[in-house]
Amino acid sequence: EFTTLFLLFSVLLLSASAEQCGSQAGGALCASGLCCSKFGWCGDTNDYCGPGNCQSQCPGGPGPSGDLGGVISNSMFDQMLNHRNDNACQGKGNFYSYNAFISAAGSFPGFGTTGDITARKREIAAFFAQTSHETTGGWPTAPDGPYAWGYCFLREQGSPGDYCTPSSQWPCAPGRKYFGRGPIQISHNYNYGPCGRAIGVDLLNNPDLVATDSVISFKSAIWFWMTPQSPKPSCHDVITGRWQPSGVDQAANRVPGFGVITNIINGGLECGHGSDSRVQDRIGFYRRYCGILGVSPGDNLDCGNQRSFGNGLLVDTM
C-alpha cells in the first residue's frame, strides 16, 4: 500500500512540475529552453537532454552537423553584432545575447543545422542579415560601417499604429498593439497569434513579450524564418536549397538565393522595380556576415527583377 501511494504521489508531482511536449502533446514546445524527453516531458538533465533520451529541443545533435555552436561561436556573434549594446540602442544591456539565441534556436530542429557546413553558415548569415536590417541603428558613416549596427532596436520606431486586423481566429486583445517587435519586427495580430501558439506563449494578450523576453524575441524571428505561408516558401527552405521554384516562380524570376528571402519578407515594397536601397542594405549585412563566417554568399542576392509574392508579412520599419 505504501509503495502504491508513493508511486501515485510521484506521478502527481511529475505532472505538476513538468509540461508535456513533443509527439505526446501535439508538437508542443517546452518553456525556458528545456529539452523534451522521448516520453514527452520537459527537463534539463541527461534523462531529458541526453542522446537517446531527447526527442526535440535537444542541445545541438549528434556530431558537428547538429551543433549550432560549431557554425557560429559566441565571439563570432559578438563580432557580427558588435554595436548592439551601444548606448543609443534599445537593446543595450545585452538583451540580444548569444545564449538567448542558442536557447531559442534549440526549439527549431533544422535551423542552422541543415545540409553541409556551407549551407549551415549561409543560413545563419542570411538570418542575421535580414534581421539586422529590420533592427539596424546604423547610418552610412557609422563607426565600423553601416553593417555593424544590427540588433539595435527592439520595437518599431516612430509612432506605430495598433496593426489590428479584425479576425475571429486571431482576435486583438483590448488595448494591445501589434507593431513590429524583436529581430524580425513581427507585426499584425495575424502573425502574433500563430507565432504565439507555435512557441507556447499567448502573444495576442502579451505582444510586448517579444520585446522584453530575449528568448521569446529570438523565437519569434526563427518561427517566421522556418514557417512557409503559401504561396511563399519558408526562408529556411530557400537558403538550404530545399525549395524548388515552380513554373510560376520561374516566370516571375524568383530563383533560389538570398534575393527570394527578401521577397518573402517585404517583396511587395522592395522587389521588382530595379535597385532599392533597402535591398542593398540587406545584401550589405549578408556579405559582411558571410565574410565573418568564412562562406561565399552564393548567387541571386538581389530581387530587383523579381515579381513579388505579394505584400510582405511584415511591415518595413526602418
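Glycine is no exception: its Cβ is also placed from the backbone N, Cα and C atoms.
Per Swiss-Prot, the feature signal peptide maps to 1-18. The annotation domain 'Chitin-binding type-1' is assigned in Swiss-Prot to 19-60 on the grounds of sequence analysis. Taken from Swiss-Prot, the feature disulfide bond applies to CYS21-CYS36, CYS30-CYS42, CYS35-CYS49, CYS54-CYS58, CYS89-CYS152, CYS164-CYS172, CYS271-CYS303, supported by sequence analysis. Annotation comment: Swiss-Prot describes GLU134 as active site, proton donor, evidence class similarity to another entry.
Structural mapping of features recorded in Swiss-Prot.
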residue: CYS21; record: disulfide bond; DSSP class: coil
residue: CYS35; record: disulfide bond; DSSP class: strand
residue: CYS42; record: disulfide bond; DSSP class: strand
residue: CYS49; record: disulfide bond; DSSP class: helix
residue: CYS54; record: disulfide bond; DSSP class: strand
residue: CYS89; record: disulfide bond; DSSP class: coil
residue: CYS164; record: disulfide bond; DSSP class: coil
residue: CYS172; record: disulfide bond; DSSP class: coil
residue: CYS271; record: disulfide bond; DSSP class: coil
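Comparing the Cα of CYS36 (disulfide bond) with the Cα of every entry in CYS49, CYS152, CYS303, these being the disulfide-bonded residues, the smallest distance points to CYS49.
Within 10 Å of CYS49 (disulfide bond), counting CA to CA, the disulfide-bonded residues CYS42, CYS152, CYS172 contribute CYS42.
Considering only the recorded positions CYS21, CYS35, CYS42, CYS54, GLU134, the residue whose Cα is spatially closest to the Cα of CYS172 (disulfide bond) is GLU134. Note: the Cα of CYS54 (disulfide bond) and the Cα of CYS89 (disulfide bond) are spaced 38 Å from each other. Among the recorded positions CYS42, GLU134, CYS303, the ones whose Cα sits within 10 Å of the Cα of CYS21 (disulfide bond) are CYS42.
Comparing C-alpha positions, CYS271 (disulfide bond) sits nearest to GLU134 among the recorded positions CYS35, CYS42, GLU134, CYS152, CYS164. Within 10 Å of the Cβ of CYS172 (disulfide bond) there are 22 other Cβ atoms, across all protein chains. Here the CA atom of CYS164 (disulfide bond) lies 34 Å from the CA atom of CYS35 (disulfide bond). Comparing Cα positions, CYS164 (disulfide bond) lies closest to GLU134 out of the recorded positions CYS89, GLU134, CYS152, CYS303.
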